[in-house]
Amino acid sequence: MISTSTDLEPVNGKDKLAELASPAESHDASNSSDIITHKHTLGGHTDRVWNVSIHPTIPLIATASADKTVRLYSAKSFQQVGLIEGNHKRSIRSCAWKPGEPKPVLATASFDGTAGIWDSQTDEDTQETEWECAGLLEGHENEVKSVAWSASGTLLATCSRDKSIWIWECENYEDPECVSVMQEHSQDVKCVVWHPSEELLASGSYDDEIRIWRDDGDDWICCSILKGHEGTVWSVDFAESKGDRPARLVSASGDSTVRVWTRTADPASVAKDNDAVPSIIRPDQNQVWEETVVLPSSHLGDIYTVAWSKKSNRIASAGEDGNITIYSSQPATDGDTAEKWKIVAQKISAHGVHEINHLAWGAVTAEGSELLFSAGDDGVTNVWNVSSK
């Protein structure tokens, strides 16, 4: 994510960086240093770290790097316990753990235009774990930017610079089946993420749009287009579903904003008024999503990554300026039903002078803090304690 001149194009006649207040002026984040504290640094890579993935049930961390490797670390000791290398010929841009498996299975996405599925084998004599490429997913015409497993672990999504999103069934790792190719984005697709409980996929693109996808029984379709950003949508993440609360999504963009979107109507209600529904979308499959809040301004430049904690409901963002911002929601008051968000902490220059490419929330510690992982251009992944206060 090296900045180019196109990153600083004027917005409404003004330089977008000049429009923003400095982080210290945009909020009151007193005692930020007490809320975000450094715990450990995961080293070993020889080039920038693009992505970090935390296994949902096994204490394992995976980091993907421009050095063409994935390094594996214990989530208990933070020591390196494995290395994946040799198959991908260019940067490994993304990695994702498969949920619901008794042993770890990892998917990777590479700038070489392929995605890989890696299976672990433990030597009975030495008890050492070795990693083998169990399957190679080919078909994209250009760099694969992101890879994500569905909550059930039955589907894998990949997206690419070729403007397409592919959905794969991977029951047989050696012979994965592509069940759908979606090509509605008009530019490079930067990211894909699955809803934590529904088979609902979100994608962000260089075309400044977010698209929501679902299976209509015959094929995967775009059921909603979220417009509002004025720059590349680098990152999206779903909130955890709780009770009757509607689905929510957070997005981060090159326009230096973080936005929250809420699904406001179910497909049945939308079917009653479908004049604006494209003909390619069945009325009973369409969804209405609305931008419900733009989070307080805190970043200068592109925001490359945003992560919504499934445990604390906090949102973390980071990007070109190298700062990490933590946002917390506040209860609505005085009859106002809209959820309020405020900045509760910032970590300035979390990777020195380097940009931050990815954030991921981890476990809650015995002391009650939540772990946050940041992957940077400096070739390391930092581990942070984020206190609950």
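Note that the numbers count up from 1, one per residue, in the order the chain is shown.
Cβ coordinates come from backbone N, Cα and C, glycine included.
Here's what TrEMBL has on this protein:
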type: REPEAT; residues: 42-83; note: repeat 'WD'
type: REPEAT; residues: 85-128; note: repeat 'WD'
type: REPEAT; residues: 137-169; note: repeat 'WD'
type: REPEAT; residues: 182-213; note: repeat 'WD'
type: REPEAT; residues: 226-261; note: repeat 'WD'
type: REPEAT; residues: 296-328; note: repeat 'WD'
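Each residue in the repeat 'WD' (226-261) gets a DSSP state, and the totals come to 0 helix, 17 strand, 19 coil. Mean pLDDT of the predicted structure over the repeat 'WD' (85-128): 91. Below 8 angstroms of C-beta separation, residues 1, 7, 11, 16-17, 20, 190-191, 193-198, 200, 202-206, 208-212, 289-295, 297, 299-308, 310, 313, 315, 317, 319, 327, 339, 341, 358 of the same chain, each at least six residues beyond the ends of the repeat 'WD' (226-261), sit close to that stretch. A Cβ distance under 8 Å defines the sequence-distant neighbours of the repeat 'WD' (137-169), meaning residues of its chain 6+ beyond its ends; these are 90, 93-101, 107-117, 176-183, 185-199, 201, 203, 205, 213, 220.
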